[in-house]
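Trainee: After the structure tokens below, expect a handful of questions from me.
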Amino acid sequence: MGSFKFFSFFSFGTRFEFLPSSNPVHESLVNGSNSNTNRRHRAGFFSNPVFGFLQRFKSRVKIDGASKTEEEEEKVYSWLYALAKTERYLAFEYVRSTERGLSFTEAERRLKENGSNIPLEYTFPSSWHLLWNAFFHPFNIILIVLSALSYITSDNPNGCIMLVLVFISVSLRFYQEYSSSKAAMQLSEYVRCPVKVQRCAGRVVQTELIVQVDQRDVVPGDIVIFEPGDLFPGDVRLLTSKHLVVSQSSLTGESWPTEKTAGVREDRSTPLLELKNICFMGTNVVSGTGTGLVVSTGCKTYISTIFSTTGKHKPEDSFEKGIQQISYVLVGIMLLVVTIMILVEYFTFHDFSESTLFGISVACALTPQMLPLIINTSLAKGALAMARERCVVKSLDILCIDKTGTLTMNRAIMVNHLDSWGTQREKVLHFAFLNSYFKSEQKYPLDDAILAYVYTNGYRFRPSKWRKIDEIPFSFIRRRVSVILETESNREGRYSERISRFMITKGALEEVVKICSYVDDVDRGEITAFSAEHHHRILNVTEELSNEGLRVIGVAIKNLQQSETSEQNMENEDAVESEMVFLGVITFFDPPKDSAKQALWQLAEKGVKAKVLTGDSLSLAIKICQEVGIRTTHVTTGPDLEQLNQDAFHERVKKATVLARLTPSQKLRVVQSLQTDGNHVVGFLGDGINDSLALDAANVGISVDAAASVAKDLADIILLEKDLNVLVAGVEQGRLTFGNTMKYIKLSVIANLGSVLSLFIATLLLRFEPLTPKQLLVQNFLYSVGQIAIPWDKMEEDYVRIPQKWSTKGLPMFILWNGPVCTLCDVATLLFVWFYYSSGSQLSSTFFRSAYFIEGLLMQTLIYHLIRTEKIPFIMEIASWPVIASTLVISAIGIVEQGRLTFGNTMKYIKLSNFLYSVGQIAFHGTKWKKIMSEFHKMVYQRFADVHPWNGPVCHSVMASDADPDYHLIRTEKIPFIMEIASWPVIASTLVISAMALKAM
């Protein structure tokens, strides 16, 4: 009964202490975890590349998302080890199944208990959740509050305008988020494929039936039947196997398959992924057949531990944090300024209702409500542009890439055929070709490369002259394949004059050399005994070839007597594959992509450094990197990195451009080292489950469309083809998106600061409000609509070449320098309107508001063209046509059609010629500054002397010290105190005299 209670852990979570101590499963789970032996074994399989992620728990690295605890993971591993070392009949007992399989009723019951067979259930946000996220933004909340206040104060038009702004922003953001979520659901949809399952039917006499079920409906206890190409629907304990070869590349990243065997028993000293009788969910059958007992499904499988360990939410990057910081700063400034404006308005006009209404309008004008819209539109536009470049975007200055498939074509090309002396010899190619041609099992890429080489180079080996007798299939223990052939006429040219039957073996060089007793010595023209000298010479030739980046396999032959190939003798494969004659080697090369070198050069030109992280040998990685132009001055390997302390590790990673023989956990450490020690923005390109840790940790995770599902789910960018040229376009588009977003932020900051200062000054100086609340809202609405074109603007080439990071270092100086410029233009307009259009020291409030409205709109619209480039706008650098069109349209609406936009005849139309004449006076007559400042002094005196009598002495002091400022006006034709400043003695004397005048008053 103990075994049934153990199974109930996977169904009901039963504690292991209920198992009797005699049960081997109990020993493995309860006692084993406390023994020194098991601690040593556990360290052995934890050191496996796939288990590197467990080090994150030991190092107390925080992992986002709902990850499994160490205890739960240990239970999964121990369950698999227990089944690997137990007898076949006990395996059935543990999972409560029989040799006939489960009944349909029992399978349905277990499906309800365990749920669908999915490693990790993804819960995508609902439409209401997306709508709430789109709505819940600080700026939207502020606008809604302001709109409510407007309705309370009976200012319905203002409230309507603010609600329209909120509706536009929320609608566009919801549409983009909904589209992204829908695409993610389609991408993460678990692949539905049929699985052959053995079930039993009948109540009295049970009949075994082979049925096909969806893999989601497979339950523990099912017996599955698999063939080449099938995926394992869960963790499976093998029952039978025949030449079974399984690809575990989705878990390990290794392209070389693994042989699995049912008739073995494993213990905990074997690394988990090397268990011969356990097959894992997510892996697939390469060749061979077999049956297996499903022991774990869904979240109880090994692959689920990887799925649940990776964080589903990346930490915010510097750009996102910067956006939030500047947003809250703008909100804080807005609240402070609005409070001051309301107080100034109230103490000036003593009308709290009008003051509150004016403050609400100022708050609306200062709220950068278009910030979420501009950012989302920029990102959406960038995503569409990158999709046209064969990228799909979901969030660099260093890009970590793999060698295979990225820098290379990911296919083997045969290069040469050499004898033991390293000399090209056709005989080696001939027998290698026959081996690949007559091999009946699934042909590997190396076989295809040999056949392609023979056909494309015009060799005529006439395989029709040969007849296949038998074959010893490829084994991942032997790592070689042998075919037995005979000729039709006992002659086949000069190579087989006395051969009637022979065996040709091809495989890993060390495995072929191991079974050879002779060597075909070309110099002596005879077959000689295989000596230590021959072995040393072959190793030297192989080392030279490996240093050139070539992969090497060996070829050997053996004369056979007919009795040696009898059925009884063929059962002893080791005896048949012995005393062979070594012929030579075949070399292969995975050539670099033609586009890789150019793409790397373009990335380097844009400030993106490439580092190659690979599990291949160092010599092969160096050869490929040299071919594509990556410097190999500083290189290192995974074993070397393991010997270094933390500081030395950071220093080695920082300098190295090629890092070979890396495990998945080491790739993760490399990415984290570059992020923390070098403060770099790191991109990582990976496509396997073993890459999920590094993909999750990288600032920009990059995968391909053919990658494992978990890799695509964790990636920020999904390439539809593994080509670095696509990343070049992605880098350009990303910096363009970043640049346009920064343009809007800078524009909002300086425009808001300029508007605040000018409104504050105008409110202090005038006897009336400089703009009505409705005018403020209309102006802000037109200005906001004009900003929608910013995502379609272009960037200067110099900007795109340099990696861009969010930084607030230069922002304060930018604001302090450019913000007052906007204020200066607004104040200049105020003064000129006063100087040119006042009648008897009286200024029409309607006329002034119209002029101020137009100037403010033009300033906010045109200032974008000044900050978008460091060059002279409209002459050396011109914005894109959508921005130009937006500027012209908004300006035309504000000037020509302003009368139609008024509410209740608030705005008075101004003759454009008079207004432009006034602007011309500002631009071209520096001598007018004295008159302007004089009028400014008079305005200050009249304003404060009449309204606030207690300020009279201050105003008289200003007039008394007027002679001193006059000097600064007449000493230069430039703008005083800004474009030209007097010497410090003059400044000092001015301050002293002014202070004395103030004291005398």
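Glycine residues also receive a Cβ, built from the backbone N, Cα and C atoms like all the rest.
Heads up, TrEMBL stuff is auto-annotated, nobody curated it.
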Trainee: If you look at how TrEMBL annotates this chain, which of 355-380, 433-458 comes out as transmembrane segment?
Mentor: 355-380
Trainee: Should anything in the same chain at least six residues away from the transmembrane segment (849-867) have a Cβ under 8 Å from its Cβ atoms, list it; otherwise answer none.
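Mentor: Contacts with the transmembrane segment (849-867): 743, 746-747, 750-751, 754-755, 758, 762, 769-772, 775, 778-779, 782-783, 786-787, 790, 818, 822, 825-826, 829-830, 833, 837, 873-874, 879, 883, 887, 890-891, 894-895, 898, 906-910, 915.
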Trainee: I'd like the per-state residue tally for the domain 'Cation-transporting P-type ATPase N-terminal' (82-155) from DSSP, helix first, then strand, then coil.
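Mentor: Its residues fall into 46 helix, 2 strand, 26 coil.
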Trainee: Please give the average pLDDT for the domain 'Cation-transporting P-type ATPase N-terminal' (82-155) in this predicted model.
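Mentor: Per the prediction, mean pLDDT sits at 79 for the domain 'Cation-transporting P-type ATPase N-terminal' (82-155).
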